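Record features (Swiss-Prot):
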ACT_SITE  Cys177  active site, S-palmitoyl cysteine intermediate
COMPBIAS  387-401  compositional bias 'Gly residues'
DOMAIN    147-197  domain 'DHHC'
REGION    377-406  region 'Disordered'
TRANSMEM  43-63  transmembrane segment
TRANSMEM  72-92  transmembrane segment
TRANSMEM  191-211  transmembrane segment
TRANSMEM  233-253  transmembrane segment
TRANSMEM  347-367  transmembrane segment
Amino acid sequence: MNLLCCCCCSNMAPNQRVTRKWELFAGRNKFYCDGLLMSAPHTGVFYLTCILITGTSALFFAFDCPFLADSINPAIPIVGAVLYFFTMSSLLRTTFTDPGVIPRASNDEAAYIEKQIEVPNSLNSPTYRPPPRTKEVLVKGQTVKLKYCFTCKIFRPPRASHCSLCDNCVDRFDHHCPWVGNCVGKRNYRFFYLFLVSLAFLAVFIFSCSVTHLVLLMKKEHEVFNVIKAAPFTVIVVFICFFSIWSVIGLAGFHTYLTTSDQTTNEDLKGSFSSKGGPRTQNPYSRGNICLNCCHILCGPMTPSLIDRRGIATDEFIQQMQHQSSPRHALSDVLSASHMVTTSQPMMGGLGGGGIGGAGGGISIGGAELKPRFYDESNPSSSTLEGNGGAINGHGNGHGNGFDHPPPSYDLVQNGNSNSLAQLVDNEIPLVQMDIPAYTHQTATQARQYRHRHHKQRQICNGGTVSYENQLANASSEDELDDPDVVVVGSPEVVAAVAAIASNKAREMRNRSGSYSNLFDADFEAALVNSSLADNHVRGEGASSSGKPSAGAALLAAAISGKTENMYSNVLPVDNDTDPADSTLHVYSNIIDERKQQEQANNVLSSTLLCDDLDLDDPVSASCHVKRKSLGDGAEQVKSAERLRMLHDNTMIDTALDLDSLDGSSMGNNSQSCLVKSGKPNATSVTTNVAIV
């Protein structure tokens, strides 16, 4: 006999583990008992509900039922047990029952649906519109829209909705209830309603019985403290039931209304069949009778589950579910080969002779191997921004450079429409390539600094017109760094200069009023002028032994005075012959044109108001207009100061001007007339209108 058993066992196939479909389910639901039971992914509140109901009932059965059975009726414990049984069975059935999950479309079904909603030759049509994602069906003569679910790749049936917590489309979706730990839908709504009703009855029953117990004790003890000492757990049960009974009864009443009208919580909140969202529409799903609606919802046939949870997963099904759970992009192989580190900061890859720097990922394609790029948020001036670090350089056979942008400033976050210069620098999106030739600094400190492009505008007086020349130096050697338009500064100095510019802009906005303070132009450049800077050459990072001010100090001082402008890292130079309306220009390249127009308008307005308001006897008006020069024009500034002193001594400006005859309108915001004698003859920028008698 034993030999026969051994032979039979040897002929049997080896035991292989069978994969069920619930193990590969695409949603977030939890499954128990080999797929027989399912619930929501988060069931912590459900366990709290069970503890509250079970604990309160246990206290009632242990301390109240014996006294009430002897004093009133022995059937009280039986009624309480029946209500507790109905409540817990309805709760468990609601939690572990499939609410009506609609299975997702397979790959072939999704492709077929996409083909149906696709518009032929849509990309070539000038009136192209995205394909519609809704369908219309008739339900009892009323049009109902079917919405397309992008997650499940299906057109949802009427009254269905997608639960974001469970990540499934549920038929006749009512709501997601964390107290029961599951969605409430078509297949478990009846159990949910029975749970609410039975819980309401149980709470009312326990509360009334506990209060009765306390009242009977009061008749014997005649003191509240003695009653509390005699039945402390009864007092706890009364408090729990008192604070929970109102919400339970209200929720049960609300769902009774929904059941009698054949509506869902989702439809009631949206006002689909009420006058909340407009004219009242008739509910096409109602049977027209309260009893029929209740019988259909609570006593109607229960539809089978649409998901085959315990079915055996075939190889085709496994491949399909793996494809749905982890879709791959067309460039996923390229991205994985580059081992890139993605950041949330915008980046720009340079375009060189044979390479293209990818935006955001640091991929260089065309002649060079794939290379990662990084952004060092902790140290913007670190060596990863310079030279051979490869942090911002996405290069092929040529030189291609990119810029990493730091996180947006607080001013940008708080005021998105702010016009401050700090926001423009932070909000600047690199649209073009800027070639920064490699330059090896001699010290380690200089190697950790990057070149900041400081665009200076040279103003040339040509018959009253102002022409601007923006120069961008592409230094390729140490000798070419003598260009006055290229300043090598450190990152902290740039940040300080930008902050000073922002403060200066805010101060100008506050000073725009009709006060006399707007008539003066306190020019701060005189403090920065040195006789050793006559050739307007700025060299090095710090002050040299000869006493030359550092480029960072000059930049910061000019920023504080409000004379520094166009401090952008990649703003293209704008010439006079460039059309300002050209759409290919940089987004900030029209700032110079606006400033030019504003300054010309100010000059015209100032001279006009002065000539109209001065009450002089046949004066010969003359205007001495000295334009602002650069920092290095020391000789011109001295000449201008001497001319002003000579003009003051010869023409008696103080007695010739009748300040009382000036109209108040000349004190406007745009007036820049200097009508008071300047105390500093060496001012670098003076705009004065005089009348020679």
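First residue shown is number 1, and so on along the chain.
From the backbone N, Cα and C atoms, a Cβ is placed for every residue, glycine too.
Per-stretch counts of Cβ pairs under 8 Å to the transmembrane segment (191-211) identify 233-253 as the leading one among 43-63, 72-92, 233-253. The Cβ of the residue listed as 'active site, S-palmitoyl cysteine intermediate' has 22 other Cβ atoms within 10 Å, all protein chains considered. Secondary structure of the domain 'DHHC' (147-197) per DSSP, as helix, strand and coil residue counts: 9 helix, 17 strand, 25 coil. In this model, the domain 'DHHC' (147-197) carries an average pLDDT of 94.
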